[in-house]
Amino acid sequence: MIDIPLVIAKKTYNSRLLVGSGKYKDLNETKLATDMAEADIITVAIRRTNIGQNVNEPNLLDIISPNKYTILPNTAGCYNAKDAIRTCQLARELLGGHNLIKLEILGDKKTLYPNIVETLSAAKTLVDNGFDVMVYTSDDPIVAKELENIGCVAIMPLASLIGSGQGITNPTQIKLIKEHATVPVLIDAGIGCASDAAKAMELGCDGVLMNSAIANANNPILMASAMKNAIIAGRESFLSGRMMKKSYASASSPMVDLI
């Protein structure tokens with residue numbers, strides 16, 4: 001299979017690993033891990049991170065430059081469409097007309113599961129207002145297709161609950177979403193280790209977004225490197241086409257003309 005580049009909202013990206021900017025012990029660790037990951041897209045929680053709203057506080061953009069990275073503002077912490085839309089509008093103002101955003105509307109504080117009703121409502125309004133919407137959603141393929149039909153530029157189903165590190169709990173659903181999508185499908189939430197990231201890519205996903213898996217590791221910088229390599233390995237494995245599973249053994253060497 002021939003690889004095709006990752007294209008989101010008509011822009012081509014080299015890396016299929018997207019990383020978050022939160023949960024690190026300080027901005028220096030954020031920078032070191034981000035550099036090691038070699039990601040092109042860095043997501044930022046507008047309601048929790050200073051990117052210019054507070055002039056007297058450290059600005060994330062001083063170490064994660066928009067000239068080097070594509071900044072992906074997200075609506076983490078929003079529980080309804082109104083707040084999410086307002087947050088996206090603020091991000092557009094702070095980033096000088098930036099239209100690429102990650103829509104994330106949560107259902108409750110215990111599971112952080114997406115509120116699909118509010119997500120669908122907000123997605124339509126944002127698309128109608130010129131935003132390029134990458135959307136966090138459940139692993140329901142019908143919902144995913146509806147979000148695509150609304151005009152979202154990327155579908156981002158969860159692998160498992162945000163920050164849980166449980167990995168991909170329902171791979172069949174993820175494969176169904178990917179099979180029916182005509183926009184990029186990127187895993188968002190639940191990745192815990194490098195093998196989880198590789199598995200997501202082997203399922204055919206176009207990329208993986210993660211934060212906790214790197215930031216909460218004992219060695220975030222080393223884990224960033226592991227995730228970078230896992231994404232590459234998983235993609236190459238998918239493109240290669242794995243061997244068929246068999247019920248019985250099959251010798252690697254021929255069984256004729258033996259000594």
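The first residue you see is number 1, and the count goes up from there.
Cβ atoms are placed via backbone N, Cα and C, with glycine included.
Taken from Swiss-Prot as is:
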ACT_SITE  Lys102  active site, schiff-base intermediate with DXP
BINDING   Gly163, Ala189, Gly190, Asn211, Ser212  1-deoxy-D-xylulose 5-phosphate binding site
Nearest-integer angstrom distance between the alpha carbons (Cα) of the residue listed as 'active site, schiff-base intermediate with DXP' and Ala189 (1-deoxy-D-xylulose 5-phosphate binding site): 13
Binding-site residues listed as Gly163, Gly190, least Cβ neighbours within 10 Å: Gly163
All-chain count of other Cβ atoms within 10 Å of Ala189 (1-deoxy-D-xylulose 5-phosphate binding site): 24
Which of Asn211, Ser212, all binding-site residues, has a Cβ with the fewest other Cβ atoms inside 10 Å: Ser212
Max CA-CA distance, Å, over listed 1-deoxy-D-xylulose 5-phosphate-binding residues Gly163, Ala189, Gly190, Asn211, Ser212: 9
Helix, strand or coil at Lys102 (active site, schiff-base intermediate with DXP) [DSSP, three-state]: strand
